[in-house]
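Chemist: According to TrEMBL, the protein carries these features:
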- G19, D41, D81, D82: Ca(2+) binding site (BINDING)
- H365, H370, H545, I668: Fe cation binding site (BINDING)
- 4-117: domain 'PLAT' (DOMAIN)
- 117-668: domain 'Lipoxygenase' (DOMAIN)
- W102: site 'Essential for stabilizing binding to COTL1' (SITE)
Amino acid sequence: MVVYTYTVSVTTGDMFFAGTCDSVYITLIGTNSQSDKKRLDKLGPDFTRGSTHQYKIHCKERLGDILLIRLEKVNGSYRGDDWFCSKLDCDGEKSYFPSYRWVTGKECLELREGTAKKPNEDKLDILKEHRQKELDIRRSLFGWTTYKEGVLKCVDIRDPCKLPPEISFSFTKSTEFVFTRATAQMELKLLEWQDCTDSWTSMKQIEKFFYVNKTDTSVYVQRKWKEDDFFGYQYLNGTNPIMIQKCKQIPSNFPVTNCMVSGFLDKSSSLQKEMEKGNIFLVDYQLLDDIPANTIHGRTQYISAPLCLLYKDTHNKLKPIAIQLKQTADPENPIFLPNDKEEDWLLAKIFVRSADFNLFEVVTHLLRTHLLAEVFCMATLRHLASVHPLYKLLIPHMRYTLQINIMARKTLVNKGGLFDKALSIGGIGMYKVLQKAQESITYSSLCLPDDIKARGVEGIPNYYYRDDGLKLWAVINSFVQSLLKYYYPNDSDVLEDTELQGWINDIFCEGFLQREESGIPNSFSTVNELSKFLTMVIFTCSVQHSAVNSGQFDFYGWMPNASPTMQRPPPTKKGETTMEDILQSIANVSSTVDNLAAVWLLSTTSSDFIKLGDYPEKRFTEEYPQKMIAQFQADLKKIDDEIVHRIEDQEIGYTYMRPSLTENSVAI
């Protein structure tokens, strides 16, 4: 006899191939009892893409509060038909069960009611067991492995096809990515150049190569790349805007004197006075010192570890005033100056830009966004249950990260990959730089407000990376604090959250290799500590990655602006460089082609791009976090509008941190 009838709404995802023709069975599990297993079936197709269908579940008794919904898919064919279940509602809006998972094969999926709960808030054994079982399964799927000694650990999966489908690329992303990679050189019309190992014969020849694919910014770069003020501009608003720091004292291994540079300073001033005013800045590529250079097509390449001194002039232009191409002061390691022979000065700047490109790709881009995002993603999957409020907050910012990194290890940083084909640092050198950078990375350097202060660059005008970044840091932090206020009203709530403490300890141990000097915490004691760290995680996975990745084709499309490798050693004398020497020094044709295709691919946006602050998967079910998300989106829209207004009058607009153009995660 039927005592009570429950109405269940089942929603299928809206992506390609989300629907299924297989049979799906449901069981409702409540505080008092559970229903019989029932096949979900109605007239016509049930689980079509983007559909929501209602079903009546008749029970012999009231089940109490519905805690879990069990779904079982039975293959209708030999291979089965995967199904993406987005969510279920039970009795209207009373109980909401987020899923956002693929159900594959003959699989049983238990979904929990969506109200966010910390571990100590689960009082029923059935919920505690469900929570622990989920984490046990995740830890078995996502194990850590050491890819290279001395470098942060990564997921122990080498084939992206082995990833669970909800962690993998969507069909749209996969199709576009494969197509884009396979056709990159074709679309750039580079095929005829691909196997040419000759050096470029002239800048005119490079221009012919360059004209095929370009952006407004890359054209601007091609026009301005030789100019000193544009050289300085790139340290503020190019792809690597985290290197520049205020110079309070000239390094002992970089013996620049006032006599050398006084002609480039204000007439009534001196080098010491300008340092005291805060107008002298330094960029030091010490991490590249003693790194073995690559060999490309049997030819030894060269990488320098330069020091570059810059001056902010009375027109607020940042210009280089001295360059030394090696770390050790020596008569055969001259300090190049703007009034040297034009070709000498240009080649010195080219060596600096090449070093900057190599360090950028390995440290700024790979280590400080991709690899860190993978660590955060792994810890989240291994330690935070789906019902945990911080899992709901963080997982959208980890979309596609594991797959893109696995693919990078297979195609970019592996033996015979891009680093071996095109970069002077090569694969072996890359790992040595990663090891050195791992030893020097600090928590404060990952937190933008702290980093800006530590580098002494608060006062440089027209530093849009800093200005936009600080605004975005503030609104992300405000959003995080608003959620923590709701879920962690007291510091004791942080201390008692065992999943959270396991999460941060995993990050400390596996990501930062237990280096206490990094400043990374291994536990949290207060809400404020947690708030800052979560802000850093979200900022790194979204804003920081966009800032350093999105402009790669813009700034590197014109190869001489950032030669991926150098074919000749740094000059040891002044006055002898010719344009022929420059052409023989920069990357040859094939290295240029390989690198250009890669940066074009990395700068391409997928059609299933999700912008910062958009959460199409409704993981938070309570009203309060929904309001906070809406406020976060409004704050981001305001910043976006401000950036749009600012760039209207700029010759070259800085847009890499526009919220509407910033992806929610490291997905490319």
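Glycine residues also receive a Cβ, built from the backbone N, Cα and C atoms like all the rest.
TrEMBL labels come from automatic prediction, so no person has curated them.
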Chemist: Which are the residues of the chain, H365, H370, H545, I668 excluded, whose CB is within 8 A of where the CB atoms of the Fe cation site average out, their centroid?
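Modeler: Checked against the 8 Å cutoff, the neighbours are L366, T369, A373, I404, V548, N549, L602, V666.
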Chemist: Measuring Cα to Cα, how many angstrom lie between D81 (Ca(2+) binding site) and W102 (site 'Essential for stabilizing binding to COTL1')?
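Modeler: Computed Cα spacing between D81 (Ca(2+) binding site) and W102 (site 'Essential for stabilizing binding to COTL1') is 10 Å.
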Chemist: How long is the line from the C-alpha of W102 (site 'Essential for stabilizing binding to COTL1') to the C-alpha of H545 (Fe cation binding site), rounded to the nearest angstrom?
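Modeler: One finds 28 Å between the Cα atoms of these residues.
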Chemist: Which one is it: of the binding-site residues H365, H370, H545, I668, whose Cα lies the shortest distance from the Cα of G19 (Ca(2+) binding site)?
Modeler: I668
Chemist: On the DSSP side of things, how many residues of the domain 'PLAT' (4-117) fall into helix, strand and coil, could you say?
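Modeler: Final tally across the stretch: 0 helix, 61 strand, 53 coil.
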Chemist: In whole Å, how far is D41 (Ca(2+) binding site) from H365 (Fe cation binding site) when you measure between their Cα atoms?
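Modeler: That separation, Cα to Cα, works out to 50 Å.
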Chemist: What is the number of other Cβ atoms found within 10 Å of the Cβ of W102 (site 'Essential for stabilizing binding to COTL1')?
Modeler: 20
Chemist: How far is it from D41 (Ca(2+) binding site) to I668 (Fe cation binding site), counting Cα to Cα, in Å?
Modeler: 40
Chemist: For the binding-site residues listed here (H365, H370, H545), which one has the lowest count of neighbouring CB atoms within 10 Å of its own CB?
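Modeler: Each of the binding-site residues H365, H370, H545 was scored; lowest Cβ tally within 10 Å is H365.
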Chemist: Between H370 (Fe cation binding site) and D82 (Ca(2+) binding site), find the distance joining the two CA atoms and give it rounded to the nearest Å.
Modeler: 30
Chemist: Give the distance between the Cα atoms of D82 (Ca(2+) binding site) and I668 (Fe cation binding site), rounded to the nearest whole Å.
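Modeler: D82 (Ca(2+) binding site) to I668 (Fe cation binding site), Cα-Cα distance: 26 Å.
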